[in-house]
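The block underneath contains the structure these notes are about, expressed in structure tokens.
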Amino acid sequence: MGREFLDVFEEWASSYDEAVTGHDPQYRDVFERYDTILGEVAQLAEGSVLEFGVGTGNLTEKIIEKGQHVIGIEPSEPMRELAEKKIPNLPLFEGDFLSFPTLDEPIHSIVSTYAFHHLTKEEKQQAIANFYSLLEEGGKVIFADTVYENEQAEQQIKQEAKEKGYLDLLEDLNREYYPQLQEIRQLFTESGFHFEATQRNKFVWILVAEKQ
Ligand SMILES: C[S@@+](CC[C@H](N)C(=O)[O-])C[C@H]1O[C@@H](n2cnc3c(N)ncnc32)[C@H](O)[C@@H]1O
């Protein structure tokens, strides 16, 4: 569920690693400091890690380099093939934020970068409730994704995209479900998490939610 944007990734998979290095001017600001952002998420992950929306495996690689065990979930077959090439022994399953194989080991961290915005508000709410059940006490959700600081920031970002003629970016911002900070904070705190967020570039924030 929440897979309505999957077609984009079936097409985007082969050139995705170029996009994250700033080759596409429309997405340059979105992916600004991409490597550092993923590195920060990896540093915060502890214990057994469950990763959603693995893509080509860039975050996964960083967590494994730290010596940790990662289980990956990714709905797109072309993306899974690329991740499997990069990390041959990764336990990687077909699934999404809401529907994935039953896990038979405790999970201490749930991570994801540039993916949670594919879910509607209701789907995010359901996913967050599932994360709470899945995590051990003190376990954390650590996400990096586009979040608008407030309504004014949302309008300003969309206006700038329009003025620059970044129409693909603008369409993406209007089509997907990028939340405002207050909304995502409320979704996590209402499910029993302590929530903190820090901005890392014009678009992307690191969200850390700890199970209380
Ligand atoms: C922009 S890419 C991010 C990939 C990688 N996490 C990164 O940071 O480079 C978004 C990924 O989310 C996946 N995705 C799309 N819908 C999803 C869903 N409902 N649940 C989990 N992953 C999803 C896509 O297939 C794609 O691999």
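Cβ coordinates come from backbone N, Cα and C, glycine included.
Those TrEMBL annotations? Automatic predictions, nothing curated.
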Among D35, D96 - the residue TrEMBL places in the same S-adenosyl-L-methionine site as G53, E74: D96
Other C-beta atoms that fall within 10 angstroms of the C-beta of D96 (S-adenosyl-L-methionine binding site): 21
Env. residues of S-adenosyl-L-methionine site, Cβ within 8 Å of mean position of G53, E74, D96 Cβ: F52, V54, G55, I73, P75, S76, M79, G95, F97, A115
Local Cβ density at G53 (S-adenosyl-L-methionine binding site) - other Cβ atoms counted within 10 Å: 25
Neighbouring C-beta atoms (10 Å sphere around the C-beta of E74 (S-adenosyl-L-methionine binding site)): 29
